[in-house]
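K.L.:
As annotated in TrEMBL:
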| type | residues | note |
| --- | --- | --- |
| TRANSMEM | B:50-67 | transmembrane segment |
| TRANSMEM | B:74-95 | transmembrane segment |
| TRANSMEM | B:115-142 | transmembrane segment |
| TRANSMEM | B:252-270 | transmembrane segment |
Amino acid sequence: MSAASAPASDPHLDRPRPSALLSTVGVSILHEGGTRPTPLAVDLAVHPGEVLLVLGPSGSGKSTLALALNGLVPHAVPASLEGEVLIGGRSSREISVAEASRTVGMVFQDPDAQIVTGTVLDEVSFGPENLLVPTDEVLARAERALREVGLWERRSENPDRLSGGGRQRLAIACALAMGSPLLVLDEPTANLDPVGIDEVYAVLRRIVRDDRRSVLLIEHNLDAAIDLVDRVLVLDRLGRVALTGTVDEVLRHRVDEVRALGVWLPIATLAALDLRAAGMDLDPLPLTARELTAGLDALPELPAPRLPGPEGEHRAPAVEVRSLSVVKRGTTLLDDVELSVPAGEMLAIIGTNGAGKTTLLQAIAGVVPPPRGTVTVGGLDPAKADVRTLAATIGFVFQNPEHQFLEPSVADELAHGLRIRGIPADEVEHRVDRMLARFGLTELRAQHPFLLSGGQKRRLSVGTALIAGAPVLALDEPTFGQDREHAAELLDVLARLRDEGTTVLMVTHDLQLVADYADRVAVLSGGRLLGAGPTSTVLAGDLIERAGLRPPPLTRAMRALANHPEWRSVSRLADLPVAP
Amino acid sequence: MTAATTAMIDPFAVRPDYGPVRFLYRLNPLSKIAAPLPAMIALIFVRDPLTPAIFLGLTFALILIGAKLSRRAALGILLGIPAALIVLTLSFALWTDPARTADTTNLFTIADYRFNTGALYIGASTALRLTTLAALALLGGLTTDGPDLVRSLVQQLRVPYRIGYTALAAYRFVPRFAHELEIIRAAHRVRGMAGGRGPIAGLRRYLGYVVPLLASAIRHAERVALSMDSRAFGAHPTRTERHLVPFRTRDWLFIAAFWIVSALVLLALPRDFLPLIGDR
């Protein structure tokens with residue numbers, strides 16, 4: 001597909017060639033007010049027809065790099081650019097963003113922030129109209145682009161009516177309609193549910209099928225993306241190019257270096273690395289669920305997996321839900337839900353969009369008071385309890401932590417929940433100090449909460465939910481819009497809390513995280529509870545498919561095994577055997 | 001993130017053509033503003049109840065003929081406007097200083113307060129003026145969509161398209177922010193509010209909503225701007241316009257007819273039989 005690729009590790013052979021659609025030479029970008037430039041001295045090139053995947057740990061400047069690729073840096077974003085970005089052979093400094101848009105089409109992370117007009121057709125026409133393309137050509141382009149993403153039939157609708165995946169497909173159509181040969185996609189699926197992610201990748205696969213178009217993709221969800229990628233470029237923590245080459249060269253042959261850089265690998269690869277450490281070598285190293293299945297099937301025999309034993313003794317329930325129905329403006333959001341969560345467990349609530357997940361969580365936590373007598377949390381009925389008592393029983397963490405910050409500093413933010421209870425100042429200080437230390441925020445105690453990084457904000461919001469001593473913690477999509485590294489970091493925090501006795505309830509879309517961390521899963525569909533049970537039981541059954549979801553990659557890989565029947569119920573990395 | 005956007009009136013909905021009888025849809029949005037404008041200004045100054053009443057009747061007729069109303073909208077207009085009229089008449093009448101209407105017939109007296117027919121007269125004319133102003137605004141409001149108004153501002157009044165389309169994009173923010181404010185209020189409620197009840201505490205609470213709302217609004221606006229820039233917004237002094245919103249002879253005719261009728265009502269109406277009250 002691509003022209004001869006540079007050998008891994010030698011970025012200098014990746015210098016721009018005349019055929020490159022887009023190349024960068026020594027690009028460093030320093031945001032206004034920043035202290036060190038990320039990315040740092042990056043050389044890259046994208047050639048016609050190829051798909052380049054850019055990887056890197058959080059903070060390596062991937063998104064900033066994307067903004068430079070169509071001239072938004074330095075033209076629209078206050079940041080200084082060193083080095084040269086060559087777009088179709090011309091320096092980005094010398095051409096406007098509008099001129100660059102003829103070569104580079106952009107798709108950003110948040111589908112909601114890419115809609116400016118009132119209908120799907122107007123939206124796709126917006127770009128070409130700005131370029132003064134004649135009317136009939138605008139319509140021809142719009143039709144081609146919308147057909148390519150499967151939205152032509154919905155052209156007269158308001159984009160708001162599309163699902164998240166639909167809106168992101170629309171954003172791709174908008175980029176296609178610009179007529180640019182290169183698409184730059186910056187984390188295009190980070191804000192989507194699994195159904196939306198599948199939709200977007202089905203469209204991208206179609207787009208790169210013929211070699212007319214090139215794609216530069218920034219993505220942390222490698223499980224979905226890896227099979228359409230030709231070349232990989234990996235940035236290190238400082239934003240420098242650490243590795244570059246074909247998928248095979250980088251992800252298979254230098255996987256240990258990639259992992260050491262803090263880049264999240266596909267789950268199939270992580271599993272294979274664990275197996276390798278336990279003495280089972282899969283060759284070639286699998287990158288997709290299908291390759292993992294094939295690799296395992298090829299092995300003559302496998303040791304027994306470490307499947308979880310039968311459930312231990314039943315602990316008293318921390319949360320009980322009895323025939324809970326919620327009706328809002330004539331629509332039934334929850335229909336007769338019965339659920340019991342043992343104390344000290346982590347429960348994941350899963351389901352497609354609109355299944356009632358958030359409604360259930362908010363009813364349990366009393367954010368929206370449930371009908372009397374339907375919910376008991378730690379012996380309390382949230383429908384009758386006042387806010388302060390409730391907050392001492394169950395802490396609630398909203399999807400966006402900023403929404404719940406009240407105070408001007410991190411320490412005050414934590415102290416808030418104690419001060420409104422009239423707890424003496426020295427006791428408040430003591431407990432705040434403990435919480436700061438526990439969540440690694442001690443040095444930031446005087447910082448304004450809005451100035452924290454994404455991961456720090458999330459930890460602070462968990463801390464504020466727990467400071468009043470709530471034994472139950474409820475989180476609404478805590479990993480939404482975050483990369484795998486931050487998601488796993490947060491889940492580690494939650495797992496530690498669970499091990500210390502906190503009951504954790506969370507709504508999430510990320511089924512691999514559910515498989516790896518949750519003790520128990522409740523599956524919702526159309527407002528009804530399809531079932532709930534221990535994670536391994538739910539993943540082994542058909543509840544997930546019945547709810548319209550797709551099992552997580554590891555479960556898919558293992559279920560498809562032709563040999564090794566005892567491995568078919570493996571769903572967690574922790575189930576894999578360890579070195580003898 | 002399911003934005004609560006569907007419940008509101010959709011400012012972007014495309015208005016279809018309902019044929020020559022529903023003529024309001026076939027007029028340029030600007031002519032539906034220009035035509036009633038002199039009457040609206042005049043209504044601010046007239047004092048009698050008959051002038052606004054005639055305009056109200058005319059506007060009703062125009063809307064009922066020229067606009068295709070859903071049953072709910074029709075009901076809202078046919079019942080809502082008269083209901084507003086009655087409520088406003090009574091309220092304004094009660095507000096009127098009895099001293100100003102001392103020389104009119106007394107209807108009833110409570111303690112020192114005297115309610116005279118003159119008060120009813122003043123209340124009715126004020127209420128009529130307000131509702132008629134609203135009805136005249138509905139003439140265009142019910143039958144124009146946001147993008148068409150922006151297009152005609154750009155095409156006829158030469159408003160720079162960068163301003164018009166940016167305003168239109170910003171309009172999308174409104175339902176989004178309303179939804180977000182709802183979440184922020186729930187989030188703050190869950191945290192347990194300090195400061196108790198009363199207006200001061202309420203004000204402080206609202207100020208607490210401002211910071212997260214602004215932070216998110218600015219971030220959202222920046223992202224939308226980057227997306228628009230990436231699609232060459234503002235590249236040229238003009239842009240291709242697929243929908244022309246023409247200003248035709250019928251628009252001139254509509255405006256002229258409306259102005260002539262307005263002038264007749266305002267100037268030629270005999271007012272001698274309706275004495276002005278309380279305005280000397």
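Backbone N, Cα and C define each Cβ position, glycine as well.
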K.L.:
Would you kindly check B:50-67, B:115-142, B:252-270 and say which stretch has the most C-beta pairs under 8 angstroms to the transmembrane segment (B:74-95)?
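P.N.:
Per the Cβ count, the answer is B:115-142.
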K.L.:
Apart from its near flanks, which chain residues at least 6 from the ends of the transmembrane segment (B:115-142) lie with a Cβ under 8 angstroms of it?
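P.N.:
Residues 24, 29, 32-33, 35-36, 39-40, 43-44, 46-49, 52-53, 55-56, 59-60, 62-63, 67, 69, 73, 77, 81, 84-85, 88-96, 98, 100-109, 277-278.
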K.L.:
In terms of Cβ proximity under 8 Å, which residues at least six beyond the ends of the transmembrane segment (B:252-270) contact it?
P.N.:
27, 31, 34-36, 38-39, 42, 46, 50-51, 54-55, 58
K.L.:
Using Cβ atoms and a strict cutoff of less than 8 Å, what residues sit near the transmembrane segment (B:50-67) while being 6 or more residues removed from its termini?
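P.N.:
For the transmembrane segment (B:50-67), the sequence-distant neighbours (Cβ-Cβ under 8 Å, at least 6 residues beyond its ends) are 21-25, 36, 39, 42-43, 74, 77, 81, 125, 128-129, 131-132, 135-136, 138-139, 142-143, 261-262, 265-266, 269, 271, 274.
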